[in-house]
Amino acid sequence: MTLFSLARRNVRRNFYNYFLYFASMIFSIVIYFTFVSLQYNEQVLAMAESSMKIGTVFNGASVVLMIFVTIFIWYSNSFFTRKRKKEVGLYSLLGVRKKQIGRMLFYENFVMGLLALMVGIFIGTLLSKLFVMLLMKLMGFHIAIAFAIAPKAIINTVLVFAVIILFTSLQGYRLIYRFKLIELFQAEKKGEATPKASFFVALLAIIFIGTGYWIALQDISSNVWLGHFTRNVVLIFSGVIIGTYFLFNSLAVYLLKLSKKNKKRYYNGMNMVGTSQLLYRIRGHARTLSIIALLSAVTLCAIGTSYSFYYKNEGEAKHTQPFSYAYISQDKQVDKKVKETILHAPGHSIISDVAVDVVKVKGNLDDLDRMIPSAFFSDEDRLTLLSESSFNRLAKEMGTSDTVHVASMNEAIAIDGEYSKSLSSHYKGKTALFETKQGTKKLTFTDYKTYFIINAKLAGFTVVVSDELFNQVSKTENVQTIQAYNVQDEQHTEQLTEKIQQLVPEKAQLTSFYAAYKGGMEATGMLIFMGGFLGLVFLLATGSVIYFKQLTEATADRERYIILRKIGVKKKEIKASIAKQIFFVFAMPLVVGVAHSSVALLALSNLGGLDLMMPVFISMCVYTVIYIVYYFLTVSAYSKIVMEQS
């Protein structure tokens, strides 16, 4: 029998023992192949106007995913090879040469890898249409999705995983050379030294994390942040990362040792065994649990933020484009055709039809202390002057009862639809200069409005002035008339918008609600898909890592539980002890990850004015449910392993 045949027979006869590793490889391949299938799907690229941007996003995300699945498979392979050390030692003891054992392990891993690659690509191909449909739905495209196989995706996946499989196979080959014979036989018996509980390091964990939280929750306009943005970001990340490691490495140990001082609880039932087990293993868990907690926090932040942007899209589009259509009126015939087109559009009757005059002048806003530049105007842009009567008329057409009154020709009201309490200027008392043919005029802001009164990019920075000043300026400056319409069911005005775009010349600067809404759906739909897809993969993978690690320890602990059964400990007590131990391992990264992400999302909410409560709640519920499922699966599998021979 050749070594290749022996390896193949080992895989076939011990398939149950190989299943976890095999399943993890299939999972990684399915996820990666499905993702790159979307990247190369012609319908995805053809339907999105921003296909180049989509391609860039997919390329970046696929690299992140490739790195992650490589680490995940390497982790899974490490657990798998550790379980086989005793078997490898037995081969060596029977006289099989190291080179032959290495080749056999290489063939085994290689055969499993190739089989997993074929199965993974097959399953991924079946799932690819489902994910394309989901992506198109999220991006707002309602089209029939054809089943398609992307050859480039297959080639990409085969090349990536061929390298990974080759690497893990070589890792198996080197196993016999990396350890002495005695180490191979005692691999499962090798314990961890009890870590020393350092009160100082435990205190540092609280200080580092607490400092990071405190800085993150400070107002961006406070002295803590002003002039220290880069420094603070570094402090937050480094403090939270180091503090999280110290938390698992020292604070958790300190708390566990502290719990031992409660003699009544410690000597009650199996608590002594469970606590001791955790203490002996905590050093091995510290790095893994720290990474899982931090990765979970990043994932929850990504999902929560993208979820918020997606479901705010319609409201954001209406905020920036208060009118369904708005453009600079330059030709009465064009105006007539636009109105006729809207009137003949079924289901899109006119709600409001308004035309207002504005004057655009060169302005200077140096007195305003905005911390970030506007997305729609800059200090060098021309200011848009709007009379108070025109503002009140537009506000009425928008359906709001808000009105303004400018008391004198030297006063003004700012229209800042991008207003943020932390980042925007405090307008009251600030001044603006603008130039006319009669000279430079100065205005003092007495109030401000935090919404757009005219479609954002059409108006620029709008300043409401008194009717008297507006009439005076309009005599010498160029007056523009803005024609605006609001129509019913503006979310479904794709065809109407296309017709109006053909009628209105480019220089009229047509802006529309639908264009902003569609663009937002594409961008945020892609964002929530990426965040959800990668986030779910990360959460499932981190849960799997804990699962694999616990099962590896279950195999090592089997003999200890046999002894416990022999001295009269009941199965019910053993299962309860196992459940408590595993609960500690799952609960700590869950609680820490949720805490980190809650603070991060609260900081983002304060910074950008985002309402993240609902998306954060949903994301955390999903995260918790996933970990609860993994917890019960792990408890069941762990109990089964340790009870097999006990």
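Heads up, the Cβ atoms here are built off N, Cα and C, so glycines get one too.
Note that TrEMBL annotation is computational and uncurated.
Residues or ranges marked as domain 'ABC3 transporter permease C-terminal' in TrEMBL: 61-177, 533-641. Annotation comment: TrEMBL describes 15-36, 56-76, 106-133, 153-176, 197-216, 236-256, 289-310, 526-548, 582-604, 616-638 as transmembrane segment.
If you look at the transmembrane segment (15-36) against the transmembrane segment (526-548), you find at least three C-beta pairs under 8 angstroms, all six or more positions apart, and that counts as contact. Counted over residue pairs separated by six or more positions, the transmembrane segment (616-638) shares at least 3 Cβ pairs under 8 angstroms with the transmembrane segment (289-310), which defines the two as touching. Tertiary neighbourhood of the transmembrane segment (56-76): same-chain residues 20-21, 24-25, 28-29, 31-32, 35-36, 38-39, 160, 164, 167-168, 171, 526, 530, 534, 537-538, 541, 544-545, 548, selected by CB-CB distance under 8 Å and a gap of 6+ residues from either end. Within the same chain, the transmembrane segment (197-216) stays apart from the transmembrane segment (106-133): fewer than three Cβ pairs sit under 8 Å, each pair at least 6 residues apart. Here the transmembrane segment (582-604) has long-range neighbours at 213, 216-217, 240, 244, 247-248, 252, 278, 285, 289, 292-298, 300-301, 304-305, 542, 546, 550, 610, 612, 616, 619-620, 623-624, 627, 630-631, 634-635, 638, meaning same-chain residues at least 6 beyond its ends whose C-beta is under 8 angstroms from one of its own.
In the domain 'ABC3 transporter permease C-terminal' (533-641), the DSSP tally of helix, strand and coil residues is 101 helix, 0 strand, 8 coil. Model confidence over the domain 'ABC3 transporter permease C-terminal' (61-177) stands at 77, taken as the mean pLDDT rounded to a whole number.
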